[in-house]
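Notes for the one structure printed next.
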Amino acid sequence: MKKSTHNTSIEPSKLARRFLHWYCKASLLEEIEGDINESFYERIEIMGIKKARLFYTLEVISFFRPFAIRGQNLKYHNNTAMLRNYFKVSFRNILTDKLHTSINIIGLTIALICSIVIYMVVRHEITYDTFHTNADRIFRITHDESELNPNSNRHLSTVGPPVGPAIKAFYPQVENSVRFRYTPTQIMARGKERFYEENIFYVDSTIFNVFSYKLALGNPKTALKEPGSVILTHEMALKYFGDENPLNQTIFMNNDTELLVTGVLEPIPSNTHFKFDFLLPFHAFKVPFGYPVTLDDWGWISFHTYVMLSHDIDPKVLEAELPNFIDAHWPNEQRRFKFRLQPLTDIYFGEVKNDIIASGNRVYVYGLAVTGLLIILLAAFNFTNLSTAKSITRAKESGIRKTLGARKPSLFFQFLLEAIVMALFALFLAILVSPYLFKILRNFIGFDFQLDPSRYPALILPFFLITLIIGLMAGSYPALVMSNFNPVSVLKGNFKSSITGLGLRKVLVTLQFTMSLALILGSLIISSQIQFIQNKDLGFNRKETVLLQMPGAELDRHYETLKNQLLSNPDVLAVSVGGGRMDGDNGNVPILPEGFEDPFPMAIDAVRHGFYAALDIPMAAGREFSKQFPSDSAEAVIINQSAARTFGWEDEEAIGKRIRVDDIREGYVIGVTKDYHFSSLHQPIVPLVTTYPRTRLRDIYLKVKIDQPAALISSLQQDWNTIVPDIPFDLIFLDDHLQGLYKADLKFAKLINLFAILAILIACLGIYGLISLIAQHRVKELGIRKVLGASMQSLILTLSKPFLWLMIIALLIAVPVTYSYMDQWLSNFAYRIDFQILHIVLAGLGIFLLIGATLFLQSFKYSRANPINALRNE
Amino acid sequence: MKGTNLGEFEELIMLVAGVLYPEAYGVAIKKEIYTQTGRKVTLSAVHSALHRLEKKGFLESKFGDATKIRGGKRKKFFIITTYGSKVLNEAMSIRKQLWDSIPKVALGG
């Protein structure tokens, strides 16, 4: 599309360049930058752009030396000299104790990387749809029956087609309105390239006045004017036209409708709740075949409608007036439902769900944020613990500084500074590493965004602050301890390897255990719930069912021949046609059974002969649609057991009852199916009413032998090509399709599992470092014990025992806290696992073994040491 | 004393600056050092040395032309000053003098 995107990539890294400009003396900048540029462009030829950029960055960093850095005339102040000394001493300290320094830095780095990732995910989630300039005054009109209709609790995200224009005409406060109408999968074709496309919408041309979508090509005022025009998203333009200019070219929809491309959208941020690929003018929309409705029908509730209010209009006031609007246009329905105004930015996390609309879950976002916080705390506690434990070795330094005239605040400042510098170094490492982590996550979790360098500036400020806080938090206690030493006793050597900060250390270690336990327990519960979902018996054969999709008109034409062809394939056991895909995407219509006066709004579906047999759905009573009863297609109705119970019927009793399905069918019940899950396990099974299809369906259901999927697919494709070679072959495994219902859940589960592992790693690192420090201080004691005949086991026990108690306390805290949070998460599912003692045992055992192994490893080393080495060293 | 001292690397840089006269600048010096001695030095080390030598008065500099490959930035050419050449000469003669006074046996001859 835009050629310029290619040119930008041979520029050096912007961040590095900015860094150079920031630190470099103005007098030297030109020559230095010129030279670096020159080497950069030469390197591109030799080693390619990627490496050359890396070398550019390295070169910029290598120029960060005194001669090139600006503003160093402070060099000769006394304060700076002191500061330099602080840095020098901390640097030496860091070098002398590499183990603990690296534990601290690695821990902090991992924690910061995790929190960068979590921060990006959370920010992505909570900024859904905020990119629209008018987001604060755009509202979706929803159709809410839950309050006024006793037979219904549905709240729909759509309204009838006339509502959009009518509400704009009725209220001057409504500045504009826009309608979207979904259309089922269509085949889009350009030349020989043909694809099934799902996200095709008919939309009012006011879309560009209400939303902030921008056209990269084409004129927004005229793009949706002609009925035969289409606007493509950036991705679709690439898919169908590659590098060509798509404008004024044509593509075909379903072989019969020619569409002229009149616009191409600029890329849309991925955090938008409404995802579309093709936009067609609303006035080109025709009522689909077999629908008993017109575009003036207020009861055809399937149009997503958004309004933009004038500035300073209170949506609550307007919402309260909406019954008047209903009265004026739709008087007979006035007491049945309410129109509501749902703010655009609330839709993503909103209650009103719909399959076309991406929806998020606040529990996940909070869960991630809490995990991030826990991980940062874990790393900070490590730092505090290790530094406090280590302070004893630095007591002499503090004593001498004090004797030489250092005051307490300056000592405090010195040690705090050390902590902050270390934390900042960890931040530096984290920022270097995280882009790679993002790449891994992309493959691992299917992240739909990446961390490109242009986002760095936005990241750096919050994370600089966070790091500063970590440094302050982790460093202030050790700093306090170290600046408080009494110089006389320290220098006299009286100073015992005493109980400095022991109380606090115990508390922090217990908290660390608690957090790790909570994370393990949480991820165990999440994993088993996910497993439960994936293996739950849904009441039909999910594993051996595949779908072949086909545009409705073609399906009507070719179904019988294709069916016979497919049945001749030995791997195909049964063939039928179904409406829904078991994903809860069902229509909702009023159902009036015999003996009632008010209709019940219920989910509907449509299937052809032999559907229930093909999917192994058992009948509780009666039979399914059959060719032997020609009248079935006109008057037979099948309901599920939930529907029968709602009407107060037993299975057998229901057979033969009269029932009215909206205006579509007036007939009688011929069968009752056992309940099966026709929507995700987030929802309970609700009443379902099924008729023989009268509109066009698009999915052929096959029951197959699935031993060899690859061979199966190719043999089915052969069958397909003998009958309908001109229609693209698209096979969907029903089970795969159903997994899609839990995409958000799976993503969350994977993230939490990953972070739980990292958190435990940090905790183990901390314990490892801590016990080595403790052992070092107690080395004499251990030596004496050994000389006096203590066995190795008892020495290991001496070192580890204090930690074992803390672990038990942690278990007692972690279990109830985790359970109450996980209960909230599990309540997202209508079908969920129960709490199991097994989880507690596993989590407890897991952490016990991990920490135990760490403890054992370290204490083993010290208890095996030759006591002479410890004791002669006086 | 520090002011007039000439380190090994500094001497190398000055000599190379002489070789490349009058077009000695950072990248060129770096490359020349590599072709002449096989030593790989970083650009920043070269700059740092050039800067130091200029401060000591051994080198002087002026801006040259800008090229596209440099992103529109001018080159800075370094030329040995009279003082600089005196110091170089001195270094060489001290060295020569020392060489001459080494007994042949000491060099394994």
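Using the three backbone atoms N, Cα and C, a Cβ is placed for every residue, glycine included.
Note: TrEMBL annotation is automatic and uncurated.
The domain 'MacB-like periplasmic core' annotation in TrEMBL covers A:101-322 (among others). Summed and averaged per residue, pLDDT over the domain 'MacB-like periplasmic core' (A:101-322) gives 89.
Marked as transmembrane segment by TrEMBL: A:102-122 (among others).
Residues or ranges marked as transmembrane segment in TrEMBL: A:363-384 (among others). Among residues of the same chain six or more beyond the transmembrane segment (A:363-384), those with a C-beta under 8 A of the stretch's C-beta atoms are 103-104, 107-108, 110-112, 114-115, 118-119, 121-122, 125-126, 419, 422-423, 466, 470, 473-475, 477-478, 504, 508-509, 511-512, 515-516, 518-519, 522, 744, 748, 751-752, 755-756, 758-759, 762-763, 765-766, 769-770, 821, 824-825, 828.
Under the heading domain 'ABC3 transporter permease C-terminal', TrEMBL lists A:371-487 (among others).
What TrEMBL lists as transmembrane segment is A:411-438 (among others). For the transmembrane segment (A:411-438), same-chain residues at least 6 beyond its ends with a Cβ under 8 Å from one of its own Cβ atoms are 86-87, 89-90, 93-94, 101, 104-105, 108-109, 111-113, 116-117, 120, 383, 387, 398, 401-402, 447, 450-451, 453, 456, 459-460, 463-464, 467-468, 470-472, 474-476, 478-480, 482-483.
Long-range contacts of the transmembrane segment (A:458-482) within its own chain (CB-CB distance under 8 A, at least 6 residues past either end) are made by residues 108, 111-112, 115-116, 119-120, 376, 379-381, 383-384, 387-388, 390-391, 394-395, 398, 411-416, 418-424, 426-427, 430-431, 451, 500-501, 504. Taken from TrEMBL, the feature transmembrane segment covers A:458-482 (among others).
The feature transmembrane segment is assigned by TrEMBL to A:503-526 (among others). For the transmembrane segment (A:503-526), same-chain residues at least 6 beyond its ends with a Cβ under 8 Å from one of its own Cβ atoms are 367, 371, 374, 377-378, 381-382, 384-385, 388-389, 477, 748-749, 752-753, 755-756, 759-760, 763, 766-767, 770, 802-803, 806-807, 809-811, 813-815, 817-819, 821-822, 825-826, 833, 835, 839-840, 842-844, 846-847, 851.
Sequence annotations record features per position, and here TrEMBL assigns domain 'MacB-like periplasmic core' to A:602-710 (among others). Here the domain 'MacB-like periplasmic core' (A:602-710) has, by DSSP, the following mix of helix, strand and coil residues: 20 helix, 38 strand, 51 coil.
Annotated transmembrane segment per TrEMBL: A:751-774 (among others), in sequence order. Away from its own ends, the transmembrane segment (A:751-774) comes close to residues 99-100, 103-104, 106-107, 110-111, 114, 118, 121, 367-368, 371-372, 374-375, 378-379, 381-382, 385-386, 389-390, 444-445, 505, 509, 512-513, 515-516, 519-520, 522-523, 526-527, 799-800, 803, 847, 850-851, 854-855, 857-859, 862 of its chain (Cβ-Cβ under 8 Å, at least six residues beyond either end).
Marked as domain 'ABC3 transporter permease C-terminal' by TrEMBL: A:754-867 (among others).
The annotation transmembrane segment is assigned in TrEMBL to A:795-817 (among others). Sequence-distant neighbours of the transmembrane segment (A:795-817) (same chain, 6+ residues past either end, Cβ-Cβ under 8 Å): 506, 509-515, 517-518, 521, 767, 771, 774-775, 778, 782, 785-786, 840, 843-844, 847-848, 851-852, 855-856, 858-860, 862-863.
The annotation transmembrane segment is assigned in TrEMBL to A:837-857 (among others).
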Tally of residues which DSSP labels helix, strand or coil - the domain 'ABC3 transporter permease C-terminal' (A:754-867): 97 helix, 0 strand, 17 coil
Message: Looking only at the domain 'ABC3 transporter permease C-terminal' (A:371-487), how are its residues distributed among DSSP helix, strand and coil?
response: 103 helix, 0 strand, 14 coil
